[in-house]
Each structure stands twice: as C-alpha cells, then as structure tokens.
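Let me begin by presenting the structure, written as structure tokens, before commenting on it.
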Amino acid sequence: MVLEEAPPILLIAIGLDNGFIYCIKGDIARERITRFKLQVDAASDGSTSLPITGLGFRVEGQAHQLFAVTPSSVTLFNLHVQPPRRQTLDQIGCQTNAVAMSDRMDLIIGRPEAVYFYEVDGRGPCWAFDGDKKFVGWFRGYLLCIIEDQRTQKGTLNVYDLKNRLIAHSMPVGDVSHLVCEWGYIILIMDDKKILCIGEKDMESKLDMLFKKNLYTVAINLVQSQQADPASTAEVLRKYGDHLYGKQEYDEAMSQYIHTIGHLEPSYVIQKFLDAKRIYNLTNYLEKLHDRGLASKDHTTLLLNCYTKLKDVEKLNNFIKDEDGIGEIKFDVETAIRVCRAAGYHEHAMFVAKKSGRHELYLKILLEDLGRYDEALQYISGLEANQAGLTVKEYGKILVEHRPAETVEILLRLCTNLGDPTTRRGSNSMHLLMIPSPMDFVNIFVHSAQYLMEFLENYIKAVKDSPAQTEIHNTLLELYISNDLSFPSISQENGFENHNTKETNGKETANGYKSGTRDKANLGKEDTKIAKSIVDRRRKGLALLKSAWTSEMQDPLYDVDLALILCNTHAFKDGLLFLYEKLKLYKEVISCYKQAHDHQGLIACCKKLGDSSQGGDPSLWGDLLKYFGELGEDCSKEVKEVLTYIEKEDVVPPIVVLQTLSKNPCLTLSVVKDYIARKLEQESKLIEDDRKSIDKYQEETELMKREIEDLKTNAKVFQLSKCTACTFTLDLPAVHFMCMHSFHLRCLGDNEKECPECAPEYRSVMEAKQKLEQNARDHDIFFRQLRGSKDGFSVVADYFSKGIVSKTTVPPENGR
C-alpha cells in the first residue's frame, strides 16, 4: 500500500509472508527516507507468523494508522507515535484480495460467511453474504464482491447498495486476477489477459429502471443518498404518490404529496382529492401548504370550506386563532373573512379582522351580519382618529340609520377633539388641518337630514375658525331654508315616510277599509308639525345669514350667490331682503315688497334705504311713486305719504309726479292738491327771487358798461399824492394804473405792467376762467355732475351762464 502524505513524501507499506510489514517513509527520489518494520501477533497455536493478506491506511488529520490483516487476525498500528503502537482488533482474518477500504476509512474483509467492517475501536457491522469472497472492493459507496460458487466453481460479481439493502448489479465473470477501481470504472483483469470495464449508469436510467419495477422506495432513497436537487426528489415522490393513488392508498399517497410541497404545483394534488370522500386528505395537504407559507387565496378559501363542510370547529379555531392567539397570520385575510362570513362563522371572521387590523371588515361584520350597532360604535371610539374617520365614512349610513344620536356624538368628538384635552383645538391652523372636516361625513346623513343639521349646528358652536366654515354654512343654509328639510345631495327623509303612508292608505282602500276621519286628523297634525318646523328652521336660517355677515365683516362666511338662489327658490323673503340690502341692491329690495303688495313695508323700506344722509338711494322714492301710479287701485293714503318724502328730498320734479300719478285712474286730484299748491308757492317764490337777481345783475352790467365806455372815451385824472406801496409822498418817476393805484417806480421793482394790489384778484379770476374752459373739454365731469344733481337742468344752465358751453356755429348757406 502506498500513501502520499505531502508530495514528494510517501509512505509505503509492504506486507510479507512472514508476518512482517516493511515500511519506507520519505522522499524516495532523493533517497531521504527512513525505514522501519512492524510485526503482527504470532499465530495462536504458537507456529510461525502468518502471511500478511491485506493492508489499509487510515488518515485522521495528522494521525496515520495502518490496518494489517492476516488469515487469522486484524491488527491496527498507530504510526503517529514512536515506536508505532500495535492493537489487535479481531482474531479472525481473510485470504489475499478479500480486503478493501471504504470511503469512510473503514476496513472491509470478506470471509465465506459474511463481510465485516472494522473501525479503530474494533469490529463494526457485518453483512452476511454466503460464498467464498475471492475479491472485495469499494466503489462510490457500493460494496464489490466476486463470489465463487462452490458447486460450479464460477465467479459472480455482485455490486451491493448497502444503504438501500439491495444488489445494484450482478453479473457472472470468469477467472479474475485483479479487481481495480479507477478512472470512474470498475476494472476486472482476467486470467486470460482480458480487461472488463464496468461503468455506473446515470441517475435517470437508474430511476427509470426502478420505476418499471415499482421500486419507488428504493428510488427515493437513491436520490436522497445521491444528494440530488430537491426538484428531482420531488418528481420521484410525485411518481410514488401517483402509484399509491392508483392503488387507492390515499393516505399513503397524500403523505408523499406533502413532501413535494414547494416543488410540485398544488393544483395537481388538489384536483385529485376534490371528491368529498377524500376531504380529510385534502384538508391535511392544505394545512401543510399554509404552514409553509405557500398557500394562495384560493387555497385558503378551499381549506376553510373544508373545515366548514366537516364542521370541525376545533381545527377552524386552531387555524384562525393559532391557539396562543399571537401567531403570525399565515393566510389571506380577506379570503378567510369572506369564507367564514358565508359559512356563518362570524366570530371567527371578526377575530381575523381584528387581529389583522382590518377595522373596516370587522365593522362590516358587526353591522351587516350581526346588527350589533352599539358594539360597533364602541369599537370605533377606540380607534385612532384617522382610522375612525375612514370607518365612519364607509359605514356611517348604517350607523346613522340605527343609532343617529350616538353617531353624531362620535363625529363631534372626532371633528373637534372634545374627548382629548391634550389636543383640544385652539387657534393653531395647522392642527385644524389635521382634524377631519365635517363636510367629509355629509353623505352618511343621506336619509337623516335632521341629524345632519344637529351635527353641523353643534360643530359651529364648538369650532369658530374651521377651514371648511364656508361649506358648513352653505349646507346649513340649504337645510334651514328648504321646505322639506333636504337639499339636492340628500334624500328627503319625510318624503320616504309620506310615500310609505300613501302606500298604506292605498292598501287600506283596496281592502275596502279606510278610516277617513282618523287619516284627516293625522294629516292635520302632521301638516301643523311640518309648518312649525319650517318656521323654526327659517328663523335659524335668517339668524345664520346675519351672524355670518355682520357689519364688521367685509365678506360673508357663506356663498352669497348660493344663498340668493336658495332664498329665491324657496321664497324666503326675509333672507332675500337681508341679502339684497347687504349687497346694496335696493331696487331688488323694493321689488320684493312690490311682489308681496306690502305697501307699508315699501314705504318703511324707502324711509330706511332712501335717506341720502345715511348713504341711501333717494331715487327709490321715484320708483315707489311710479309703482303706485301703475298700481290701478286706490292708494291715496300711501301716495300722500310718499309725496311728503319726495317733497322733502326733492327727488322728482312736480311735472313728473303729475305725469306718473295720472296713469292711475283710481287717484283723484285731491291726493296731489296740497303738494301742487306747496310746490307752486315754492316755484313762485323762486321766480320772484330770480327776477330780483336778474334786475340786480342788469344794473351791475349797465354800470360796468358805462365805466368801460368812460375809460375808452374820457381822460383819467390821477390825484393820489402818496405811493400805495410805501405811503410816502409820490414823486417822479411814478407809475399810475387804471385801477387808480399809483406807485413809485422803485417800489414796483421789475413788475411794472400790473398793479401789485389788484394782480392777485385778477389772477384768481383768470385761473377760474381757464379751469372752466378746461372743464368744458372734459365731458366726464359734466355728465358726472349732471347725474349727481337733483336738478339736471340747473347744471346745464350753470354751464351756459359761465360761458363754458360754446356756441354752435351754423355754416352759411350757399349763395348767401
């Protein structure tokens, strides 16, 4: 035997016939070697030592050991100590060529009765194979034996698979001189100088052969011993399972299919066990599939259906609740909940929903399946604000329908944080933005507008600076002003009740029974209740219109256009009047009273809005007079009162008054008699004053003309003896002006062309004239004064009197 320790160091052991072992160790090529001899024990009968029939090296780390076999003993030498220590392992041996070493460094010896394995501490397992072992070998985990038949004297090569306990190959051979395992082959050198090479088949060929013989267990052990990939092992297991399934051994087949999980498509197995008789096997497979986390939604559905079909509540509890209640969920939550709900296992569905944090599904079961509304409200109260808001948006309609007051209370806490003093809102706008808006929950009150109104009313009392206050006020206005307590996005709650009442009444009539008196009484009470509700709501609506648009506010806290449309659509007169007045649409205010034929209201409104001293519009009195003139009925009292204010404000000329009132055939002259008399008296007085002014201006004009003529025709005598500027005696050189002022030339300085005394007055007159001329070219000023004046004619006359309006030049006709 040769052992290559570390090239070029070799260890050579030569067994001799005399029982000695001659060992050479070292670099033989360089002759750097050491020699030593070993000797096995002498024969037990005291004769000479038996020959060495077999040797084998065993290497464990740095320790080298040598097995030595004789026909009657097995000895072990420890070479890592000096001198080598000898240990006799057994008192039996074997003949030459019946010794080999396994790949686990165990010594193998072949004897007629059996094959023995030896380890360092003695004899190990043995395999009983009858026959004389001529040769023993080891090849890739297989035991090789050439056994000679005593009767025929012929040899047979057997290849034993010890792990699977089978003969992997057997073939007759002739006379063999040597058995060698090299280059991946079993090589037999025959006595007739022939060489027989035997190769191992590939794994696929082995398996095909085993499958044909139905040796599936052997095939499985084979692939496992060969450390094949998991997919190949799973394929063998699948075929074995199919074989057992074909033999109707379903339990054993399922045990094989379970081992294929992760490699074999689950649907392949599931479709084989869908029969109701095999539901237990299918349940077992699906459980294992979930345990390994490889189940899909459909697998979860199928497993839960199996549990429900079997009515196995214990297994269902184990699957859903995990016994300890803290295990990780290993299935699709939505699928489990859906199947449990369909099968009536609501508590299990609720447990899964709660454990997985699916609050919306938990509430869906409580509300839609079990009708436990109080418990649902309590559950929502325990959620975080964000999650609670989402769940209320989804299931709020059901809660409002069955527990409206409690739902409104939860919403108020949610939108105002009234239940959490640490986060109570103040003026922090950023915090307000984080809290849900009440408008997000309006749609859940689709059939309960009354509770929506209460919710929003309580909210605006608690929160004064909500970012959604405009939308909130708009919604409240719709609720307050609507006749039937609804708005376009909300169904009419009372309408449903009335509809049901009509259906009931119809049924009673069809059956020949109807309590007419009772129905009328009920309808009368209902009408009274509705009318009272409308009055109360409109009173709130008017208060909201005023409180959300006070005199200190520039803009209202609601949409004015929407408010106008609502008031107009539902004939809410008080609201319209307030809005028109705030918008300074005074004529629309008057129109409201006109449509209502409220004469006293008209006059009172004009008193309030037509007072120019308070910023009102006096022209309203003219519109009011025109209304009475076209009314076509006797309204003498009102006309007299109107004429009093028209006369006071002087907004309508008397001629217009007469023309307007003459259109009403029911009015007599006595209505305007006193007014006309007073106006004539005023006009007469004005005419007299104007006549006096004319005479005065004519006299002054004549005087000016005479002065001008005198200046043009007569000499002017200057008699002043003192200078007007310095009051000293006037001496030459002196300057005399036509205004009869005289000055020293030195007192005038550089300005000797105008009188210093009269120049300022003259310049002011010239500037006024220039300004008037400029105004004559600016038509906007003229028309602005014309519109702003009570008497437009006086403005035109004033422009003519100042010479501002230029005369129109008429071009001469041809030939003249």
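Yeah, the Cβs are placed from backbone N, Cα and C, and that goes for glycine too.
Keep in mind that TrEMBL annotations are predicted by a computer and have not been checked by a curator.
The repeat 'CHCR' annotation in TrEMBL covers 257-408, 426-637. Feature annotation from TrEMBL assigns region 'Disordered' to 496-518. What TrEMBL lists as coiled coil is 680-714. Under the heading domain 'RING-type', TrEMBL lists 723-758.
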*asked:* I need to check the long-range neighbours of the coiled coil (680-714): which residues 6 or more away from its ends have a CB within less than 8 Å of a CB in the stretch?
replied: 654, 738
*Could you pull out which residues elsewhere in the chain have a CB under 8 Å from any CB of the domain 'RING-type' (723-758), counting only those six or more residues past its ends?*
711, 716
*Counting by DSSP, what is the helix, strand and coil composition of the domain 'RING-type' (723-758)?*
4 helix, 7 strand, 25 coil
*asked:* As a test of reading the model: what is the averaged pLDDT for the repeat 'CHCR' (426-637)?
replied: 70
